[in-house]
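According to Swiss-Prot:
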| type | residues | note |
| --- | --- | --- |
| BINDING | Tyr28, Cys48, Cys51, His52 | heme binding site |
| SIGNAL | 1-23 | signal peptide |
| TRANSMEM | 277-297 | transmembrane segment |
Amino acid sequence: MRRLLSSTFAALIVGLAVFSAPAASWAYPFWAQQNYDSPREATGKIVCANCHLAQKLTQAEVPQSVLPDSVFKAVVKIPYDTGVQELGADGSQVPLQVGAVVMLPDGFTLAPQDRWTDEIKEETEGVYFTEYSDDQPNVILVGPIPGDEHQEIVFPVLAPDPATDSSISFGKYSIHVGGNRGRGQVYPTGEKSNNTVYTAPASGSVSAIEPGDNGASVVTVKSADGAEITETVPVGPALLVSVGDVVEAGAPITDDPNVGGFGQLDTEVVLQNPVRIYGMLAFFAAVALAQIMLVLKKRQIEKVQAAEGV
């Protein structure tokens with residue numbers, strides 16, 4: 001039921017976005033929810049890369065170690081030139097949106113809001129978090145949200161406590177992070193978007209360029225054997241060919257309008273046993289005390305030697 005409500009809510013957001021802001025540029029992390037059981041393939045690739053083909057830098061900052069039942073911040077950085085705009089679905093220039101996915105280790109989850117500090121509340125204003133699925137609460141999605149306001153996305157994370165969950169152990173864990181800016185080049189259905197390069201469907205000469213539906217252009221290539229093959233270029237990408245041009249199969253016939261891209265990385269966090277920390281502090285205290293005692297003893301001996309005239 002929860003998954004159904006989540007899907008319905010996501011669909012409602014999409015519908016409202018489409019009808020209220022048709023010129024917007026979206027980066028939909030939740031599309032992966034509808035098409036993949038897991039956001040990470042066996043090869044390690046995060047599935048967002050199947051639609052967002054361009055590679056762009058994504059960075060992440062997490063603490064080196066955390067204590068059980070503590071809240072910490074995982075920060076995903078999605079840098080890009082905010083002065084750049086991209087093609088919307090209607091061919092107009094629109095600001096980029098961003099999205100991110102953080103795959104936490106089992107047991108780590110989004111921190112409940114009553115555990116958020118004032119700093120975290122301020123840093124996450126306007127950001128909405130979604131679990132990937134009911135059985136994967138450790139995978140958290142964000143987006144689409146305005147990129148010019150959220151080049152850094154803060155994920156408040158609650159560390160598990162092995163004292164209350166026997167399936168959790170102290171030690172080092174991997175975190176998988178993905179960050180995207182802008183629209184994809186391929187829809188989940190496999191169809192190209194208008195935010196990509198279109199290529200010649202065959203070798204031959206361009207015999208016609210005719211207007212299509214919704215501002216599209218239909219490019220016809222006549223091959224050497226007389227066959228005519230068409231390629232429909234949607235509104236947005238600029239044509240690089242004219243009637244009479246000779247093209248090779250697979251050669252670009254439009255520019256590349258994409259200015260966004262996806263990036264992923266792996267990082268690590270240590271779930272630290274507080275007993276080890278207390279033991280280490282006790283050891284350091286013992287060493288410091290021993291050094292102090294040695295210094296005091298040395299001075300005492302020096303005083304005795306001075307009194308005896310040695």
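All positions are counted from 1 along the displayed chain.
Cβ coordinates come from backbone N, Cα and C, glycine included.
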Using a Cβ-Cβ cut-off of under 8 Å, list the residues of the same chain that are 6+ residues beyond the ends of the transmembrane segment (277-297) and lie near it.
67
Those binding-site residues listed as Cys48, Cys51, and which of them has the most Cβ atoms within 10 Å of its own Cβ:
Cys48
Under a three-state reading of DSSP, tell me whether His52 (heme binding site) is helix, strand or coil.
coil
